[in-house]
Amino acid sequence: QFFVFCHGLLQLSQLLVSGYLKSSISTIERRYGLSSQTSGLLASFNEVGNTLLIVFISYFGSRVHRPRFIGCGAILVSLAGFLMSLPHFITGPYEYDQSVASMFSNTTDLCQPGVPGSRGNLSDAGCTPHAARENHEVLLVMFIAQALLGIGGVPIQPFGISYIDDFASERNSPLYLGILFSVTTIGPGVAFMLGSAMLRFYVDIDKVTGDAVQLTNEDPRWVGAWWLGFLVAASLVAVSAVPYFFFPREMPKERGRCGIAARKDFPLVLLRNLRHPVYLLVVLAQVNLSAMVAGLATFMGKFLERQFSLTASLANMIIGAVNIPGAMVGIVVGGAILKRFQMSLRQCSAMCVLGMFLCLLMAFPLLFLGCPTQKVAGVTYSESSEFGHRALECNLQCNCPEKAYNPICGSNAIEYISPCSAGCGVVIINAGDNSVLNYANCSCISENGLAGFAKPGTCGTGCSHLFLPFVVLSCLAGILASTSHTPSFMLILRSIQPEDKSFAVGIQFMLLRVLAWMPGPVLYGSAIDKTCILWEKKCDRKAACRYYDNNLFRQRYLGLQFFFEVGAF
C-alpha cells in the first residue's frame, strides 16, 4: 500500500512537469518569441524519447530491479523539470516597449516630432549576435529537457504497474490500479491549476523590484513566472523519487506472462493484431480522439486568451477546473454504465458511436461562438477609407519605430499598436505606482475635430457574452466524447487473444504516440500560425504572433478538432 501511495504521488508529480508546459505555452511563446508550430513541436517532443525506449523497457521488465529503475527514471524527470526553467536564469530580464523611461531604458514610444527616426528603441536594440545566440540556446535547452522528460518517464508507468500487479492480491490489484489510473487523469488538471497560480506573478519577480514593473497581468505584454511551476513540479518529483531506492527487488517468479517467451514470433503477433479488424478500427478511433486532445491540451489556453480576451491565468483556471474534470466525469460515467448493464461487445461499440455522435452535436455550434479580431489601426482596419488620406499622415511626424508594441485603446474604440502610432504626445502617470493612466493629445484619434485620448491595454474582442455558452458546450462535448473511453478499451481487451493482451496494449499506446501525441500539437500549431496577421520581428525573423485573425483562428482550431471528432465517430 505504501508503494501504491508513492507511485500515485510520483505519477502525479511527473504529470505536473509534462502538463505544466502546456499550461504556460502561450507565455513561453511570448517571452522567447516562438511561433505556435515551434511550441507545438516542443510540447510533443517528450513523446520522442518515450517512444524510442518503451519497447525495450517492456522486454526487460522482468530482469531488473524495478523500483530502482523507477527511481532513476524519476530523477531524470526531475532533472528535466529543473532544465526547463534554466532559460529564465541564463537570459537577461524580459524587455518590452514602454512609454515611461525606466531603469531599463530612457527611450519611449510616445510621439516625439522633433526626434529623428533613428532613435534607439527597445525592441530594435535586442538584435546583437549575442541575442540571436541566446535564443538558440534557450530552444536547445528546452528541447533537451523535453527529450529527457520523455526518457525518464519510460520506466515509471510499466514497471510500477507490473510491480503492483505481481505483489497485490488478485482481489486488491484492480483497486490499486484504479487508484493510479484516476491519479493519471487528475494530473493534468492539477498542472493547469498550478499554471494558473504561477502566471499571476511577473516573470522577473527574482530580478526586478515590484515597483519597476509597469504591467498588470491584463496587459498584452504581460509575461507570467512560467519557470516557477517547473521548479515546484521538479522538486516534487525529486522528493517522490527517494523512497524507490529503498523498496526491495524481492519477487516471486512472474506468472501468466507469455510476452517474453513468445519473443521469437514477435512479427507474427504484430501482424495478427494489426489484421484484426475490431482492434485496428478501435485503435484508429482512439488515434483520432487522442490527436484532438493533444491539440486541445496544448493550445486551448491560447485560444481562450485570444478569443475571449482572458488572462493566461484565468484561461488555465477554466481548463483545469472545468474541462479536465468534465472529461474525468465522462470516463467514470462510461465505466459505470458498462458495469451496471454488463454490456456485450456490440453494445460497447454502439455506446462509443452514440457518445461520439452526441459529442459532434455539442461541438458543432462552437464553430460559431466567437467574435472577429478587434479593430486595430493599420492591421485589421484602415481609417483611410473613412477620412481620406488624413489617417495615413496623422503619425508621419512622429518617426515611430516599426517594431514598437504597446497596445492602447483609443476613445474611438480602435486599438493602436503603440502610443506613437496613434500620435499620442502626452502620457498621464499615476504618481503612486508609476503606472500609466492615460495617453492624451493623440493626433490619430479625433473626436469632434479635437485630438482624442487613449487608455493603455488592448480594446479586447468584446466577446465576453459568448464565453459562458462556449465553456458549457465544450465541457459537455468533452464529457460525451470521454464516455467512450472505457468501452473502447474493453473492445480491444476482449476482441484479441488473451495471450496477446499486454502486447496489444503496448502496440496501441505506441500507435497513439506516433500517430497522435507527436504530430498533433505540431499540426495544430502550424494551423494556428497560418491565421496570424501581425508577427513580432526579432532579428528579421518571425517571432511570436501579435495579432491573429480571430475568425480564422477559431475556424481552423475548432475545425481541426471537429474533423478528428468526425474521424473518431
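Placed from the backbone N, Cα and C atoms, the Cβ positions cover glycine too.
TrEMBL annotations: computationally assigned, not manually curated.
Annotated features, as they stand in TrEMBL:
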- 1-569: domain 'Major facilitator superfamily (MFS) profile' (DOMAIN)
- 388-443: domain 'Kazal-like' (DOMAIN)
- 41-62: transmembrane segment (TRANSMEM)
- 69-90: transmembrane segment (TRANSMEM)
- 138-163: transmembrane segment (TRANSMEM)
- 175-203: transmembrane segment (TRANSMEM)
- 223-247: transmembrane segment (TRANSMEM)
- 278-297: transmembrane segment (TRANSMEM)
- 317-338: transmembrane segment (TRANSMEM)
- 350-370: transmembrane segment (TRANSMEM)
**Request:** Mind checking which residues of the chain, 6+ beyond the ends of the transmembrane segment (175-203), have their Cβ under 8 Å from one of its Cβ atoms?
**Result:** 4, 7-8, 11-12, 14-16, 18-20, 22-24, 27, 31, 88, 94, 160-161, 164-165, 168, 210, 213, 215, 217, 222-229, 232-233, 297, 301, 311-314, 316-317, 319-321, 324-325, 327-328, 331
**Item:** Cβ-Cβ under 8 Å with the transmembrane segment (350-370): same-chain residues at least 6 beyond its ends
**Value:** 285, 307, 334, 337-338, 343, 463, 466, 469-470, 473-474, 476-478, 480-481, 483-484, 487-488, 491, 550-551, 554-555, 558-559, 561-562, 565-566, 568-569
**Fill in**
Given the transmembrane segment (138-163), its same-chain partners at Cβ distance under 8 Å and 6+ residues beyond its ends are 3, 7, 10-11, 14, 17-18, 21, 28, 32, 34, 38, 42-43, 45-51, 53-54, 57-58, 61, 66-67, 69-70, 72-81, 83-84, 86-87, 90-91, 177, 180, 251, 254
**Prompt:** Taking residues 6+ outside the transmembrane segment (69-90), which of them lie with a CB under 8 Å of any CB in it?
**Reply:** 7, 10, 14, 17, 21, 32, 134, 137-138, 141-142, 144-146, 148-149, 151-156, 159-160, 163, 203, 226-228, 230-231, 233-235, 237-238, 240-242, 244-245
**Fill in**
Restricted to the domain 'Kazal-like' (388-443), the mean pLDDT of the model is 76
